[in-house]
2 protein chains.
Amino acid sequence: SVNPDLASERQTASFCVEKLTALLDGGAEQTRIRRAVVEAIQSDPVFSRENQYFQTQNERYEAAVMKAVHLQKKMHEMGWTENGPEYKYIYRALSGDVAFLLHRVFMRSISVLGSDKQIAKWIPLATQHQLIGSYAQTELGHGTYLQGLETTAVFDITTQEFILNTPKISAMKWWPGDMGRSATHTVVFAQLYIHGKCYGIHPFIVQIRSLQDHSLCPGITAGDIGPKMNFEHIDNGYLMLKNVRVPRDNMLSKFCEVRPDGTYVRQGSQKINYFTMTTVRISLISDEVLTPLMKACTIAIRYSAVRRQSKLKPGEQEAKILDYQTQQEKLLPQLAAVYAFHFINDYLQELFNRGYREIQRKNFDMLPELHALSSGFKAVITHHCTAAVEICLRACGGHGYSLLSGLPSLYTKILASCIYEGENTILLLQTARFLIKCFMAASTGQPVPPSVTYLAAEKPGKCPAKNKLDFLHPDIYTEAYQHVAVRLISSTATKLQDLIQSGVKKYDAWNQCTVQLVQAAKAHCHYITVKNFAETVETLETKAGIQRIMKHLCDLFALHGIFSNTGAFLHDGYISAAQMDMVTASYLDLLAVIRKDAVPLVDAFDFTDESLNSALGSYDGQVYQRLYEWAQKSPTNKMSPAYERYLKPLLHNTLSKL
Amino acid sequence: SVNPDLASERQTASFCVEKLTALLDGGAEQTRIRRAVVEAIQSDPVFSRENQYFQTQNERYEAAVMKAVHLQKKMHEMGWTENGPEYKYIYRALSGDVAFLLHRVFMRSISVLGSDKQIAKWIPLATQHQLIGSYAQTELGHGTYLQGLETTAVFDITTQEFILNTPKISAMKWWPGDMGRSATHTVVFAQLYIHGKCYGIHPFIVQIRSLQDHSLCPGITAGDIGPKMNFEHIDNGYLMLKNVRVPRDNMLSKFCEVRPDGTYVRQGSQKINYFTMTTVRISLISDEVLTPLMKACTIAIRYSAVRRQSKLKPGEQEAKILDYQTQQEKLLPQLAAVYAFHFINDYLQELFNRGYREIQRKNFDMLPELHALSSGFKAVITHHCTAAVEICLRACGGHGYSLLSGLPSLYTKILASCIYEGENTILLLQTARFLIKCFMAASTGQPVPPSVTYLAAEKPGKCPAKNKLDFLHPDIYTEAYQHVAVRLISSTATKLQDLIQSGVKKYDAWNQCTVQLVQAAKAHCHYITVKNFAETVETLETKAGIQRIMKHLCDLFALHGIFSNTGAFLHDGYISAAQMDMVTASYLDLLAVIRKDAVPLVDAFDFTDESLNSALGSYDGQVYQRLYEWAQKSPTNKMSPAYERYLKPLLHNTLSKL
């Protein structure tokens, strides 16, 4: 039985939920395939996540290994392949709760960096899981700055081997997933030395555990790095190498080779490799960032339609907390952000597909733009969505703080996305470097990539809005965002030039501008997101209310961004104080409009109760019943030795006194 | 041996660290007492937190009970008393990792709400821990809105008992600490019924577990609510009551009594009780909010002085990450916030002490102001410091994400402070209600409490700053903050009045203004914090560099607040765009100045390595060594059944192929 407070929310939807689901999936056929995968996975008890919140790190790891092994069978049984249409839904259906994810990175690195001979040798073994691979790049003392890695690989011409070493503790490999306990092999990135000369970082396949009994190989010290904020199911590991010898053939040699006589040879273009690293940043957006935020919105909004607190009107029943303006202001902008980033993700995917086709034709012109976009959007979207999940968690009060709500684990997991695959601040500065370069080029009339042509078309002007309804015109707010992006990029470029001209060294000047460069890069991404959302709305079908509700969300996303960052728009008077008051009025009006469709909008994400794994977010809204049922299953409700040991001696003397 | 990168930071301190420590402690004698307590606690192995990050929820609970019982002995042994000067340092030295905290709340509620006879009966038993008390107020479906509680207590005149019941699932008590597994007694808040008439919420002492064998009493269903984001050491519990009878004497009856014939009698003034609830919000600031942020700053800043990444200048060694402007911009404002809130906490403590003296003289005039200040500052400080701890965590990259850094547990614990003792948004709206009332009074010339007299003295004007150095004058920025607070309060008051005059019902109008009311309440608290910081700096001794460094931090706190919220200051042109550029310049200059003293500033917090419990934050800065040592101790480095069960069958066929 569905909680009547939730049921009533569904009766007044202004649009067709099923049509919106299909839009998000990319068509009704995709929805059908996704549901079939979800059904197959969730009906299989091996994949159950029922006790997840009660498990220790060891139990989580063991379950993840079990699931990974079982998944191989399941895929075979279902006829799913890694290239099939079902594949992208499997990970989502499992909520990522599975081991051997780095095994795929191991395979990809061999495919991309290995010679044909190496691919022929290793990929079939890896495909059949006859070894378990990992990817050992990050070190205790070295992350984003790859040139700083300290692990060494010295070529020994007499034995035709590389000798790998961890020269000091900061050079220990640290964090590689699947390496702490599972992996038998890994790709180790190390500084290559031949005849005492350093040739920089290269990848080497290294066996770390015996295939016979899984014991560590000679010279290998490895283990698990211990507890983390999340990812308990993954054995992130450490690795020390002491005179570990691998044959010459184990250096991945598509681009660089060491000949038997010690000659070092570079071959081909590595640019395709940079492109691969760039696409990883885009590929994580959907599974690791948007899906968790969709779940958090579903949980928090359903709960807010069921939870009642205080009286809004005297004499009436306590009000649904979703009816409070402050609660709407917390949750609805996050919902709008989901859609904004969903559409920008589509845009980026398409752009990268186009880039890939160009690169295959040996045209690398798009690379700088793709690199800048992937860096900037990875940072902006992970940051925004992490903050949004936290807002959802806090908006559920005490119950949001219980692991059983599902929100804490969504938060602690999405948080990592701000750090891995490039720390966000560093990524934004890479985007900023591209923007400054393009701005300089544009201002001297040189051609620039499509996404930054707007930098050449700087118009000073003022926002033409005359009343609050004008701020519901996409042209009005999109131009405001564009104006701010241009202003921040150009003013920071000017500051940078002024500093350099005043005699400050180039690198010092750059460092002194970085806080503002980060702001400029964010403004660029924010502008493109708003513009893309508005353009996408134009293309949507007008039937079934889809376009109308998406238009509302687009407006909300844009106005929320202005409302939360008024200074950027007020600074040079592009938006006046009176206009900003109109923005505020339109923004607050929109909250009340979208509130009516809030529950149908999260229903459209189409999560099953199993995949939400939340006592607050279930489709039926039976929150209190579920919290109570789950709590009773907690291991903390088993007998504890604390009573006999500590409490009984304390209380033994009381009976006579009471 | 201290990491040389950290040692060098200490050699150039511009001030005397020991003197700053004494200032924070409230005098050198307090420092001495604190260190003695810390030494006594940390040298006792029972209080060790060494394995904390590896323990399950059950293990954490058992350790906390053990520590609570041992603490009684320890206090006796050391001659420490609950009223002695050492008491406030004990909790800090234990890092709050101890059970029976609700036992103190149980005792306080009896002392405040109980009759002399009840106090004489229960307090001695509780003091000697011959029963374990809890405090059962919050229900599954009811938190901040106490009138909504559903638990019932019906007076049975024939037996002279109250019959307590949980009428439905949403009425189940939920969250009370120490209740899930430990408590024998609790104070239950329930709707009192006599002859079918409801008299509202009243407190009843209820025994829930046997003193003989700790089994649940008849009619009681109770247990642990399961895993949470933190507080694993506390058995937050649930409680259902089914026809549980307690004697008439068990209703706490200082203010309300039910006579044997069923007559309901009110007596005395309950105002002192409201005052008590208000002081709890202030009392948590120091231990639960400032101490964790001080720890997070210590960890993140020491790590940033040791961690090196990328090259700032070509040809040089990789740079300390603390030398990057973006890293300074993350961490140093948080450090400034610690000091700002430390001083405002002193101000509030003093104000509350004065309030208490007035109330004892039956003068309740200060109550509304104290309520507004405690609500607003609880919300603003917990929110700000929670965000600050998260920034510290993220600023440490991957290692910040490891539990061994200590940062995840600091974050997940401080986060709860935004929810408990009044959800922050609701508290801010209570402050806003007070501000609107005072603004209306002030604008008609009526007297208002001291902290809001500035509302009467509204000056339009413009900021008089002429260059970036002017923004280092406290008068300049304090007035800017005041101007913004007045503007937000007055404009929201106007909006509210306009809505009501246009025919919108009062409660609807209020709801439509709440987003802006929250902003106004925050601006008020921010202004008072800046003003108090600036005034405090004036009073500090000029010797030993203390006043100078505090002045820098005060400037940084104030300018960071403007830089992060430029729109509020630009809106009506009080600060012009050109002036805002000066603010930015001064703010960024300050970062470089304070960066030089960053490590000494956190050293002054004087945390021992044991109390930080962080692989990143230790005094010696031997980060990598400690991470490696700790990781090896993780239970995830014990044998796992996963190899035999899942991996061996997978790998069995490989040997022949490699």
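Every residue gets a Cβ built from N, Cα and C, even glycine.
Just so you know, TrEMBL annotations are computer predictions that nobody has curated.
Bear in mind that the values here come from a model prediction, so they are computed numbers and not experimental data.
These features come from TrEMBL:
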- B:Glu421: active site, proton acceptor (ACT_SITE)
- B:Thr138, B:Gly177: FAD binding site (BINDING)
- B:17-132: domain 'Acyl-coenzyme A oxidase N-terminal' (DOMAIN)
- B:274-436: domain 'Acyl-CoA oxidase C-alpha1' (DOMAIN)
- B:474-651: domain 'Acyl-CoA oxidase C-terminal' (DOMAIN)
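Sequence features, as recorded in TrEMBL, placed on the structure.
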residue  : record                       : DSSP (3 states)
B:Thr138 : FAD binding site             : coil
B:Gly177 : FAD binding site             : coil
B:Glu421 : active site, proton acceptor : coil
Legend entry - Residues from B:Thr138, B:Gly177, B:Glu421 facing chain A - recorded positions, CB under 8 A: B:Thr138
Inset, instruction - Fill in the CA-CA distance, the residue listed as 'active site, proton acceptor' to B:Gly177 (FAD binding site), as an integer in Å. - result: 13
Inset, instruction - Please list, for the domain 'Acyl-coenzyme A oxidase N-terminal' (B:17-132), how many residues fall into helix, strand and coil according to DSSP. - result: 84 helix, 0 strand, 32 coil
Legend entry - Averaged pLDDT, computed only over the residues in the domain 'Acyl-CoA oxidase C-alpha1' (B:274-436): 95
Inset, instruction - Let me know how many other Cβ atoms fall within 10 Å of the Cβ of B:Thr138 (FAD binding site). - result: 20
